[in-house]
Amino acid sequence: DDHRLRLVPFYDALATKNVQQQTLIVNKHNALRRQVKPTARNMLRMEWCTAAQATAKKWADACTLSHSPGTTVCGENLYMSTAPTAWSDVIQAWYNENKDFKYGSGPTRPGAMIGHYTQMLWYKSYQIGCAVAFCPQKKYKYYYVCHYCPAGNIVGLSNTPYKSGPPCGDCPNACDNGLCTNSSKYTDISSNCPDFKRKLSCYHNIVRQHCYASCRFPTEIKPAANFFNLQCLE
């Protein structure tokens with residue numbers, strides 16, 4: 001119909017195969033990550049991830065309007081609308097959940113939705129890929145999906161999506177205007193590496209084998225132990 005035809009150019013412009021949209025999405029996230037209150041001492045700077053874009057597009061194109069099965073290594077934010085919505089407005093809507101969130105204690109009212117907010121501000125989730133799909137058979141015809149890698153909203157930790165403190169407090173030598181740039185491409189096998197390093201040191205064979213990232217790259221901010229990294233094409 002005429003209404004649909006008028007929307008086509010705007011909808012097509014939102015496609016994340018467009019580098020301009022990728023840059024907008026990354027920059028919007030980083031701007032919001034810089035302005036968190038309280039400020040964050042370990043917030044990683046986000047970058048675009050082609051592999052995450054592909055998984056987001058695959059799920060968006062399925063038009064389920066629901067979360068994907070929890071088998072991915074990445075977190076997921078969804079947004080649905082009856083008309084095309086600019087990516088900056090979609091991302092801002094997720095961020096606006098902060099009105100119902102208190103750092104350290106979580107939701108400020110029963111039933112408040114805060115998971116989109118905490119995922120987009122999860123300090124280790126520095127790789128992002130997003131996609132939008134047109135789902136003509138649905139009430140909400142425009143379906144937005146962003147995948148965040150590695151996943152945030154870890155059970156038991158979601159009330160503190162980052163470590164509070166002076167911006168870049170944990171990365172003074174790898175800082176871009178309040179965001180850390182020392183993300184690690186490597187991970188540890190064991191989740192107890194801080195204890196192992198303190199008690200046995202990295203000279204111990206077992207520690208070296210199970211704590212490669214912590215021993216070899218001690219100043220980098222690392223994914224969780226055993227995190228399988230998506231191959232994000234530069």
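Using N, Cα and C of the backbone, Cβ positions are placed for all residues, glycine too.
Small disclaimer: the values here were computed from a predicted structure and weren't measured.
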Practice problem: Would you mind checking which of Cys193, Cys232 shares a disulfide with Cys211 in TrEMBL? | Solution: Cys193
Quiz item: Disulfide partner of Cys202 per TrEMBL: which of Cys180, Cys215?
Solution: Cys215
Quiz item: Quick one, of the disulfide-bonded residues Cys193, Cys202, Cys211, Cys215, which Cβ has the fewest other Cβ within 10 Å?
Solution: Cys202
Quiz prompt | Average model confidence [pLDDT] within the domain 'ShKT' (180-218) | solution = 70
